[in-house]
Structure formats: C-alpha cells, structure tokens
Amino acid sequence: MSEEKRTEIGEIGEFGLIDRIAEKFEPKNEKTVKGIGDDTAVYDLGDKYLLTTSDMLLEGVHFDLSYMPLPHLGYKAVAVNVSDIAAMNGIPKQITVNLGLSNRFSVEAVEALYEGIKAACDEYNVDLVGGDTTSSSAGLVISVTAIGEVDRDKVVYRNGAMENDILCVTGDLGGAFVGLQILEREKAEYLANPDMQPKLDKYDYVVGRQLKPKARMDIIHEFKDLGIQPTSMIDVSDGLASEAFHLCKQSGLGVAIYEDKIPIEKQSFETAAEFSIDPNSCALNGGEDYELLFTIGQDDFEKIKNHADIHTIGYMQAQKKGRTFVTRNQNVVELQAQGWKHF
Ligand code: ADP
Ligand code: MG
C-alpha cells in the first residue's frame, strides 16, 4: 500500500469524527431544518416538525449480557431514543428496531428482548412499526430509530441558550455509572467464585439506574403544563460536563456550574465512596443517566423553583468567561469533560 495518511479515530474523538462527516453533508432539502449535530434531526411538516434519531447498542461495548437481562436491554434501547426526542421537547410516536443476532440466541431470548421493547412502547405511547433482522457474528446488536413530533414553535435545540440563562438538570446524576461499577465488580467476583450469589440488594437504586433508565417524558409534559419553554436542551448520555459543553459550544457561551448544586442520590454518593471515586466525577463524566439538561430564561425561574425534580445547578455566561466549576469551598476551576470514550 502507498503511504496514505492514517488518522486514528482516537486522535479526533467521536465528536471530531462526527464534525468531519457533517462538514460534507450540508442539507439540500429546504425542509431539513436540522441535520447532524443535535439530539435529533428535524424535518419541517408545516405546523409540526418531525424528529428522528437513532442509537445503537453493541454487546461488549454498551452492555454485557451476563448482567443485563434481555427485557431490560430491550427497554433501554427504546428509552435512550425516546430520551433524544424528549431533549428536543418532542413527543415520540414510532420506533423501528434493527437486530443483529448470533446463533447463540433462541426464539425465547428474542421474545424476552421484545418484552422490554413492548414495555417501553406502552410506557412512552409509541408504536413499533418496523425494523430489520440479520445475523451477527460479533454478538448482539440492537439499533433503534425513533420518530417524534413537536409544534414548530416549541422545538428546543442545543444552540438557543442566552447569557444569564439558568442551567437546570432533572433527577439525579452519577447513579448509572456507579451502578455499572457494582455490576462489573459482582461479575468479576462471580467469575472467580461461581458459587457466590451477587449481593445487589444494597445497590438497588444505582443498579436500576444502569439497567433500566427512564426517558424523562414526564418533564416534557410538565413543561407544557407549566408553560415553560427551555432555551436549550440536551439529554445526559455522556455525563454532565460533556453535555454542558455541547450547549456552550452550540450556543456560543460559557457556563458556571456549582459543585454543591449537582444532584446526587445518597446511594450513588455512598457507593462511589466505597470505590474511592469522587461522586462529582461520576456525575460530570459518568454518563448514561438520561436526565435532561436545559437552560431557561430568568423569567421562568419562578415556575421551576419549587419543583422537586428540577435542580438549578448554574448559569450560562459569556464565552470569554469560560466554562467554570465552582467547588464547595468557592474555588473557581476550569470545568473538565472526559465523557465516555468508546475509541
Ligand atoms: P446523542 O448522544 O444525542 O445520541 P450523538 O452524540 O450520538 O448524539 O450524535 C450527535 C449528532 O451526530 C447527532 O445529530 C447524530 O445524528 C449525528 N451522528 C452520529 N453518528 C453519525 C454518523 N455515523 N453519521 C452521521 N451522523 C451521525
Ligand atoms: Mg442526546
């Protein structure tokens, strides 16, 4: 072979790679409102916008069947896509499911997977309308595409945040990452001693966060009821820091996040401590919590300030002020994002 330039994907990272792809695909249909770069693509249907998104889960990369029950996996594969529709302030309507199956799988196993897919379809009120099934020589592959809609004047992108907007996050963070550490530890112990029973009771919350994350459609319905229109939004799949960076980059702003405002459940906190990992780092860099991170104008603060499940964690600031993290003892440091690195 000639000496062609070879760039390792790790050098530019997942987001660098996506940027490079996006550069070559400027939308040519005038009704393509949003192409690559947000939680979903957006297509103009008139009064409504159509939203589409895909997420793929690979055995050995995103899940391990030794501790991921198939119904949970089916549920999660749907929920992570619904979460992206939610992040646009949209309502999911349909999904398609693409499967790559190895001959290790029985009909019953596929049915168990679809039990979870069905549970998610019922919970989020979406229809399974198609897909594709092939064989796979590299473990189970499940890729879901979700289609949703939003009124055109209600769509929320990553790029709409304004200086001084309040940064909010739903639920709590870090649990899914801590839950994964527990599952990995129990698996290692089981492999060393197969007679051992996994001890998961004490960790039910964090393990549940990893195995059956919920998409926050409840919050999207509440935004409507409360008359809240977020200025920007993203779902937390990669960790708070990385998602906050996306809002900053696309909105052309900086951010200040307060350590003592980051919501972390007691069990996440205690379990992180058991592993000697900083609970804040789990929230900032862990990922897979599938909560919503969004900004609102100061005028909307009254509407959320007493909400039990929406937490104000900081505010957007001018880009030149940077992305800052204010520690518990009031030190201002630069916010770091590690995020998930699959490459
Ligand atoms: P999310 O975490 O919200 O699912 P991603 O970080 O996976 O978003 O993707 C960011 C953007 O890049 C999305 O608009 C997504 O559709 C797009 N994207 C991801 N992978 C590809 C790809 N291989 N080709 C084209 N677009 C992609
Ligand atoms: Mg997303």
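Glycine residues also receive a Cβ, built from the backbone N, Cα and C atoms like all the rest.
TrEMBL: automatically predicted annotations, no manual curation.
Here is what TrEMBL says about this protein:
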type: DOMAIN; residues: 37-150; note: domain 'PurM-like N-terminal'
type: BINDING; residues: Asp39, Asp84, Asp235; note: Mg(2+) 3 binding site
type: BINDING; residues: Asp39, Thr53, Asp84; note: Mg(2+) 4 binding site
type: BINDING; residues: Ser54, Asp55, Asp132; note: Mg(2+) 1 binding site
type: BINDING; residues: Asp55, Asp84; note: Mg(2+) 2 binding site
type: BINDING; residues: His62, Glu288, Trp340; note: substrate binding site
type: BINDING; residues: Tyr114, Gly131, Asp132, Arg158, Ser237; note: ATP binding site
type: BINDING; residues: Asp238; note: Mg(2+) 5 binding site
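Features recorded in TrEMBL, as mapped to the structure shown.
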| residue | record | Cβ contacts under 8 Å, 6 or more apart |
| --- | --- | --- |
| Asp55 | Mg(2+) 1 binding site | Ala77, Val80, Asn81, Asp84, Ser143, Val144 |
| His62 | substrate binding site | none |
| Tyr114 | ATP binding site | Gly74 |
| Gly131 | ATP binding site | Thr96, Val97, Asn98, Leu99 |
| Asp132 | Mg(2+) 1 binding site | Thr96, Asn98, Leu99 |
| Asp235 | Mg(2+) 3 binding site | Asp39, Ser83, Asp84, Ala86, Ala87, Ala215, Arg216, Glu243, Tyr290, Glu291, Leu292, Leu293 |
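In the three-state DSSP scheme, Arg158 (ATP binding site) falls into the coil class. Checking the binding-site residues His62, Tyr114, Asp132, Arg158, Glu288 against ligand 1, none has a C-beta less than 6 Å from an atom of that molecule.
Of the recorded residues, Ser237 (ATP binding site) and Glu288 (substrate binding site) place their C-alpha atoms 4 Å from one another.
According to its DSSP assignment, Tyr114 (ATP binding site) is helical. Neighbours of the Mg(2+) 1 site: apart from Ser54, Asp55, Asp132, residues of the same chain with C-beta atoms within 8 angstroms of the site's C-beta centroid are Met56, Asn81, Thr96, Val97, Asn98, Ser143, Val144, Thr145. In this structure, the binding-site residues that sit close to ligand 2, with a C-beta under 6 angstroms from any of its atoms, are Asp39, chosen from Asp39, Thr53, Ser54, His62, Tyr114.
When secondary structure is read from DSSP and collapsed to three states, Asp238 (Mg(2+) 5 binding site) falls in the coil class. A separation of roughly 16 Å, to the nearest angstrom, links the Cα atoms of the residue listed as 'Mg(2+) 5 binding site' and Ser54 (Mg(2+) 1 binding site).
Mean pLDDT of the predicted structure over the domain 'PurM-like N-terminal' (37-150): 97.
Distance between Cα atoms for Ser54 (Mg(2+) 1 binding site) and Glu288 (substrate binding site): 16 Å, as a whole number.
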